[in-house]
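Structure, as structure tokens:
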Amino acid sequence: MQIHKLCFLALFLANAAFAVKFNFDSFDGSNLLFLGDAELGPSSDGVSRSGALSMTRDETPFSHGQGLYINPIQFKSSNTSSPFDFKTSFTFSITPRTKPNSGQGLAFVIVPAADNSGASGGGYLGILNKTNDGKSENNLIFIEFDTFKNNESNDISGNHVGININSMTSLVAEKAGYWVQTLVGKRKVWSFKDVNLSSGERFKAWIEFRSKDSRNTITIAPENVKKPKRPLIQGSRVLNDVLLQNMYAGFAGSMGRAGERHDVWSWSFEN
């Protein structure tokens, strides 16, 4: 029994030694890597900065970029072990500059390297390209907040949230929205509230992974709404074959021919 306790303590201390925890209420450029067109978002005056992390630039068709935490994060004790638990939350907004909306969307990403040279704009969200889309050696996972229906990716709509592994085709996707529970008589009833991701409104997202049962949950709601008790997406997917020992976490986004802003306003992460 004593040996088991010592082994558990050693494992706990090893995991704790590599734990990462941060909370950005806004962004000033420190602790971030800017790839492609990602930048500190401009304010309406065009001179000062808004405090947001922006993935795209209005004046550049098919603009795309990635904004990553400056240091790699340890997601596993080794490349062959099970991943650690992790959770992240952030507020974001997607604001089209033209009508109809030209897309494309924003994503939370976990990628193997701080390098987006193999990424394209448009429907590839600044993450993949036509050649590497779907390849298992990509070793990446992302949660997409998609604002344009791309038939080649089998998108369910132009306003959805999806879990993607190595591919622009989502493993699971749901229309954007959140669940609320109300009392009808003596019964508690769930009802679904639609949201428009490209309304320019700020939304908050919560993404959680629990290693012991490989449970993934994604929840979204308007910024001023308390975290819903029922996730938008929940399910199990073993990530041992996807996550490497050390990877980068952050955001990616892209637009089509016309302007669309993809801004992240705050971000917290913990593993």
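The first residue you see is number 1, and the count goes up from there.
Cβ atoms are placed via backbone N, Cα and C, with glycine included.
The shown structure was predicted, so the numbers you read here are calculated from the model rather than taken from an experiment.
Residues or ranges marked as N-linked glycosylation site by Swiss-Prot on the basis of sequence analysis: ASN79, ASN129, ASN151, ASN196. Annotation source Swiss-Prot lists region 'Legume-lectin like' at 20-270. According to Swiss-Prot, the feature signal peptide maps to 1-19, an assignment based on sequence analysis.
By a simple count of nearby Cβ atoms, those within 10 Å, the most crowded of the glycosylation sites ASN79, ASN129, ASN151 is ASN129.
You'll find the Cα of ASN151 (N-linked glycosylation site) roughly 20 Å from the Cα of ASN196 (N-linked glycosylation site). Taking the Cα atom of each, ASN79 (N-linked glycosylation site) and ASN129 (N-linked glycosylation site) are about 26 angstrom apart. Spacing of ASN129 (N-linked glycosylation site) relative to ASN196 (N-linked glycosylation site) is 26 Å (Cα to Cα, whole number).
The Cβ of ASN196 (N-linked glycosylation site) lies under 8 Å from the Cβ of ASN159, ALA176, each of which sits 6+ residues away along the same chain.
In three-state terms derived from DSSP, ASN151 (N-linked glycosylation site) belongs to a helical segment.
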